[in-house]
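What Swiss-Prot records for this protein:
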- Gly169, Asp170, Arg171, Lys172, Thr173, Gly174, Lys175, Thr176: ATP binding site (BINDING)
- Ser362: site 'Required for activity' (SITE)
Amino acid sequence: MAIKSDQISSLIKQQLEKYDSTLKIDEVGTVTYVGDGVARASGLANVMSGELVEFENGVYGMAQNLEESEVGIIVLGDFDGISQGDTVKRTGKVMEVPVGDEMIGRVVNALGQPIDGNGAIKTKHTRPVEFKAPGVMQRKSVFEPLQTGIKVIDALVPIGRGQRELIIGDRKTGKTSLAIDTILNQKDQDMIVVYVAIGQKDSTVRTQVETLREMGALDYTIVVSAAPSEPAPMLYLAPYVGAALGEYFMYNGKHVLIVYDDLSKQATAYRELSLILRRPPGREAYPGDVFYLHSRLLERAAKLSDELGGGSMTALPIIETQAGDVSAYIPTNVISITDGQIFLDADQFYSGNRPAIDAGTSVSRVGGDAQIKAMKKVSGTLRLDLASYHELEAFAQFGSDLDAPTQAKLARGRRTVEVLNQPLHQPMPVEHQVIVLYALTHGYLDDIDVSDIQRFQKELIDFVSGDKSYKKIFAAIKKTGNLPDEKDINSAIDDFKKHFSKSVEPTDYVAPSTKQEANK
């Protein structure tokens, strides 16, 4: 079969008409140095700060230092496959991570990739890792309580949804345990939790994940982990990745709790990166913008206005101190950024008070507006009572000849400290806390020995919960947030005390008549 030349030319013309010529220009540079999670490259004259660049082996990096002839790049992954002389090209994009409901219940690394062995995560959305915090007019005042389930916090240092509350203390004083207990208490609270482990040992993170799984808390929690064995860029980025994961839910009208455990290690990783990038060191060898490192992260936690959906993101950053020194550089920076701090005292921890919260130095600047009325009523004098107890306790060591009112204050103080002690991983609903603190502040525990206090409060809660005529007290507090008729509460506690069996009679009990006579 013969093919005519005009047919061939016609086919060629048709193909040429379909051909679309597009010119693609890539700006390519050359790697001049690589090591310790950092690379330097020349030839990327137009690269932007924070822009993603791609190395020859497919690993990505983020442009950080924009210098006259070179660009300092932090490598997002394994830098062993990158060599001097390799090509590196611009992408024109910023770093983004996958976000969405599919991330809940998973453990991911600082790039949002799963590391829990449960397969790939397929999400429909991504968010930039760096994102501008909401402005003044995009926010709303904090007014909704975030119940931690920890009596001493909910009573003395209340936290509201959208607040930034710092947890600060020496190593091994219970900072992480406090955060984990708060996460456990968010069950049935319509809350999504992001737990960011920065520089925590893999074995420690595994233990925390198993605790969350056993308690049913992993069903509403995302865990972001950057292990100490990973390069410094991973530890630096992990908190921002966690914030991006939380922001997705916040901007969709949901409530989020995010825990950064801990930001001291992020600051150390950032110092390491900055020194390798040859940025001028400042105080304690940190770079000049270390304050901005944390401020731009923590400002992303907010209570959004109704126009933006009314969602919130509450941040609990953790900072580790050395020998209780809160005046060091990083602690003072973060204290000035946050809306209050919970200070954990090593002396209290080793004396057996758990959680070891120092009520005198711990403060919540905005949480009081979010505290429920019932808790305000029963905890109003608690801080002063504790302060006067600690003062009297120090004074009482010098002599035993004390008058009756002083003895009564010391006895009440011992019971207050014992009531505020709480076992690990046993958060208490706020309505139960209110009844226990009511019994304490109204003198119902004065004739109960300190050794019986924990059993007394547990049995009191069981009694009120199980009694048909009294369980409405808990329901009323939960529904209205206010104290019901005090006659009902007094009646319930009086009835319970008739059935409560003391294991021992208190030796420090001061009868009311003795107190009154001494006052005369």
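Each Cβ is built from the backbone N, Cα and C atoms, and glycine gets one as well.
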Helix, strand or coil at Asp170 (ATP binding site) [DSSP, three-state]: coil
Cα-Cα distance linking Ser362 (site 'Required for activity') and Lys172 (ATP binding site), given in Å to the nearest integer: 18
Gly169, Asp170, Arg171, Lys172, Thr173, Gly174, Lys175, Thr176 excluded, remaining Cβ within 8 Å of their centroid (ATP): Glu320, Leu344, Ala346, Phe349
Per-residue Cβ crowding (10 Å cut-off), top of binding-site residues Arg171, Lys172, Lys175: Lys175
Residue among the binding-site residues Gly169, Gly174 whose Cβ has the most other Cβ atoms within 10 Å: Gly169
Around the Cβ of Asp170 (ATP binding site), the count of other Cβ atoms that are within 10 Å: 18
Neighbourhood of Ser362 (site 'Required for activity'), C-beta criterion under 8 angstroms, separation at least six: Leu156, Val157, Gly340, Gln341, Ile342, Phe343
Sparsest Cβ surroundings (other CB atoms within 10 Å) among the binding-site residues Thr173, Thr176: Thr176
Reduced DSSP assignment, Lys175 (ATP binding site): helix
